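S.K.: This is the structure, below, for whatever I ask next.
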Amino acid sequence: MGNTDCVYPTSNVEYAHRVAIPPPQPFVKSLKYNLKETFFPDDPLRQFKNQPPSRKLILGLQYFLPILEWAPRYNLEFLKADLIAGITIASLAIPQGISYAKLANLPPILGLYSSFVPPLVYAMMGSSRDLAVGTVAVASLLTASMLGNEVNANENPKLYLHLAFTATFFAGVFQASLGLLRLGFIVDFLSHATIVVEMGKCGSWVLLSVLPSHHQIFHQETTKVLLDISNGTLTSVVLGSLLVYLTHAERHGVQVIGHLKKGLNPPSFGDLVFVSPHLTTAIKTGIITGVIALAEGIAVGRSFAMFKNYHIDGNKEMIAIGTMNIVGPFSRSAVNFNAGCKTAVSNIVMALAVMMTLLFLTPLFHYTPLVVLSSIIISAMLGLIDYEAAIHLWNVDKFDFIVCISAYVGVVFGSVEMGLVLAVAISLLRVLLFVARPRTFILGNIPNSIIYRNVEQYPNASTVPGVLILEIDAPIYFANSSYLRERISRWIDEEEDRIKSSAETSLQYVILDMSAVGNIDTSGISMFEEVKKITDRRGLKLVLANPGSEVMKKLNKSKFIENIGQEWIFLTVGEAVAACNFMLHTCKPNSMKDDQSEAYNNV
């Protein structure tokens with residue numbers, strides 16, 4: 001096996017479609033571009049260009065307080081829709097807030113506090129029109145689980161409460177910092193499968209923890225009747241409270257909420273704990289709950305924004321959500337959306353309704369049975385166990401399904417935070433596998449065309465005799481360069497074995513399609529140099545097709561282009577194949593010397 005020796009006539013040979021080497025770029029300019037694309041992909045400063053100072057000030061205020069941007073366009077039609085939506089979500093927020101506070105082992109009144117100030121903050125700073133904020137079931141459960149390992153809420157309720165305040169504060173600081181520092185891409189490391197499994201795990205944990213703790217309550221005839229007649233969250237609270245009040249069921253073993261003090265949120269900054277040994281636990285709890293709440297909130301906000309064809313800014317959302325956690329803590333967004341909300345004023349209406357409840361209506365919850373709160377929690381948790389999403393993962397991506405199930409099973413033998421770490425670790429492992437073991441394919445020619453595609457995807461694509469065409473489907477870095485060298489060598493071995501068994505034309509050329517190779521590092525360049533030596537020893541010619549600008553720049557600086565010869569680098573696979581075919585059909589085999597030949601670029 002070997003190449004051929006021939007001398008091309010220099011006339012009538014056109015060297016068209018050469019792969020250009022991009023002009024050199026200063027390192028500082030390249031670094032600036034990369035930093036901009038990492039931290040400012042949305043180009044937030046574009047709107048400030050060519051604007052007078054007064055206008056820049058207004059735009060700056062509107063950027064941090066979006067309410068200043070949409071409030072001047074607000075009208076009565078929007079107000080009518082937002083009033084209905086706000087009252088609707090308030091009817092859900094009030095009983096859910098009380099329930100989720102109990103879920104976190106916190107006083108029930110805190111659930112109402114969290115549905116008053118935070119929505120007001122979000123209405124001013126948030127960019128979503130549909131997101132309804134307040135207590136989150138998952139965050140409540142994570143708080144109870146992580147803080148409960150440090151402090152027993154029943155034995156030391158005051159310290160537990162202060163740690164909860166501190167964890168919420170650090171969650172807000174962490175969330176707002178991500179937005180201010182433009183680090184929102186960190187949340188992207190939580191894959192869809194991770195979010196699905198976290199929701200499901202939390203739902204299972206709640207069901208397993210709520211049901212046993214209230215098994216005596218559920219066996220009572222009064223609560224059985226209550227559960228049978230409730231048709232909604234607020235209805236169950238009203239009917240349950242009325243039934244207990246009329247029958248004096250609290251005297252017969254039915255546990256009730258008891259006294260809820262009137263009044264608005266008292267300041268809690270004096271209750272924060274910044275001393276050891278509990279500070280580490282509070283920070284860890286805040287960061288984990290903050291990340292989960294961000295991922296869920298931004299995902300929900302983006303989903304509804306897609307339906308209404310508007311854009312939300314992820315970094316603005318982080319700042320808004322973080323700020324409302326700092327000053328005071330998302331599960332009602334679907335209700336808000338379906339209730340027909342138009343703007344974030346629905347959050348203001350909800351907050352005002354909660355304020356009226358705090359000022360005047362808290363005594364009405366005295367007789368609310370705890371079993372109703374349990375039923376509200378169970379109802380919400382059943383919605384978190386999204387088995388349809390797991391089935392969808394199985395049908396679309398088996399690896400995502402494995403991530404989901406593995407983390408779900410892991411929580412049975414550990415804790416909620418351990419399950420989260422496991423889910424993230426498996427997701428990162430998948431990313432590493434994609435980087436370390438990129439796919440490579442054999443390409444063939446689609447009949448009656450100059451198009452070359454994966455022969456596994458297109459069985460009718462035919463290989464080119466004497467030419468092996470390989471596609472590398474990822475950037476080439478130190479993590480995968482050794483693997484790619486071995487894999488390319490194995491492709492060559494397998495092709496030569498196939499040719500021997502079929503008595504076809506001997507292999508002469510190896511074309512590497514680099515369309516998907518977006519970048520390369522020095523280890524990748526060394527890999528190409530080694531592959532070049534391997535093909536030379538086998539009497540084969542290495543040919544490159546369609547390397548990108550960044551790759552060409554580095555190949556040029558490393559002198560690899562001089563090594564392989566720029567005439568053997570083509571703009572398309574079709575031109576590379578045409579040049580190889582020209583050599584195969586016009587030159588005598590087994591006698592070519594590289595220094596006596598020139599490559600032909602097909603026009």
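Positions of Cβ are set from backbone N, Cα and C atoms, glycine also.
The domain 'STAS' annotation in TrEMBL covers 457-580. The transmembrane segment feature in TrEMBL is assigned to 131-148, 160-181, 344-361, 367-387, 399-429.
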S.K.: Per-residue pLDDT averaged over the domain 'STAS' (457-580) comes to what?
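M.R.: Over the domain 'STAS' (457-580), the predicted model scores a mean pLDDT of 92.
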S.K.: Report, as numbers and ranges, which residues of the same chain sit near the transmembrane segment (160-181): CB under 8 Å and 6 or more residues beyond its ends.
M.R.: 39, 104-107, 139, 143, 146-147, 150-153, 187, 268, 271-274, 278-279, 281-283, 285-287, 289-291, 293-294, 314-327, 329
S.K.: Per DSSP, what is the residue count of the domain 'STAS' (457-580) in each of helix, strand and coil?
M.R.: 63 helix, 21 strand, 40 coil
